[in-house]
Ligand code: NAI
Ligand code: MG
């Protein structure tokens, strides 16, 4: 198994180092990591946030383990050169349209949730976020002067029916493999894009008569996630709404440092990354929680490498470490990034 390892910026190198440590311990001889530059780290060396060489390595690897990109030193750059363009470019180039973001409450972390115990108990949901369309990629976009010579920024929210069909099918399949309930989230009372989304999701529903489909507007969904998160099992939604709702869901279950993700294409190629960013405020301080990245490694074993038992082993070790009281600062504790990695390692054995 050859894994492209893209540590990136900020806390990226610290958190991916812990995930690599755990993956090597679990599958030892059979896994190899090829490191490549991405984001601000790549821009500083090559002048591009997503060098051709990095892209080539990703295309030729069995899976990609990604840290995070984003560097305040690059804030002055034009958009095409910004570190964040690297992850968007990678998703687009590899057609990684299906983003799976599980958010589950570890029972040991009940106290870390800002929600009351009776509200957060039982939260275990999967957000299926479309990742290669929507307002993040729609054109035209830009900045210009309006007819009164005021500066104006504009983006285009756009989905075609094929893009909605394929993510809807992933939503229904995911729901079928879990509780059988799927909630599609949109803003179809206002947005044309969402109206098409809802129409197409309803059409695809015909293929899945065994799945119970519901619809919710995104503003209500934000409220419901805080009010009663356990009402959701599988959520399917567009790129922008999924981005926002998954940060919200992460806070409900304790910390953004806990949530992993898988981004898949139709050939089963996958990129695995924590849902958070490069956290420049704590970069280099050993404060970052590596669990989201370690759990992303477990998702990589499950989805790309078909090693379900090893994935289970890592997830169980994370639970055990938390049960024994392992806590980084975001969880109210004092452990460093590598101490948390070591706690998971100890729990594996
Ligand atoms: P962020 O997710 O990096 O950080 C938000 C807050 O959560 C910060 O207070 C941070 O310290 C904390 N946090 C994040 N991950 C943590 C972890 N593992 N352990 C403990 N605390 C953690 O989001 P922010 O601040 O909006 O963006 C920072 C940079 O990251 C920006 O350049 C942004 O564009 C980029 N970004 C990159 C993403 C990616 O690489 N996929 C995703 C989101 C943002
Ligand atoms: Mg985000």
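Each residue, glycine too, has its Cβ placed from N, Cα and C.
Curation plays no part in TrEMBL annotations; they are all automatic predictions.
Residues 91, 129, 219 are recorded by TrEMBL as substrate binders, and the candidate that the same record lists for that site, out of 79, 101, 141, is 101. For the recorded site, residue 247 (Mg(2+) binding site), the DSSP three-state label reads helix.
Checked against ligand 1, the binding-site residues 279, 281, 285, 289 give 279, 281, 289 as the ones with a Cβ under 6 Å from it, listed in sequence order. Secondary structure from DSSP puts residue 101 (substrate binding site) in a beta strand. A simple Cβ count within 10 Å picks out one of the binding-site residues 101, 129, 243, 279 as the most packed, and that one is 129. According to DSSP, residue 287 (NAD(+) binding site) is assigned to coil rather than to any helix or strand. Every protein chain shown contributes to the tally, and the Cβ of residue 289 (NAD(+) binding site) ends up with 28 other Cβ atoms within 10 Å. Other than 219, 243, 247, the residues of this chain whose Cβ falls within 8 Å of the Cβ centroid of the Mg(2+) site are, in sequence order, 218, 222, 240, 241, 242, 244, 245, 246, 248.
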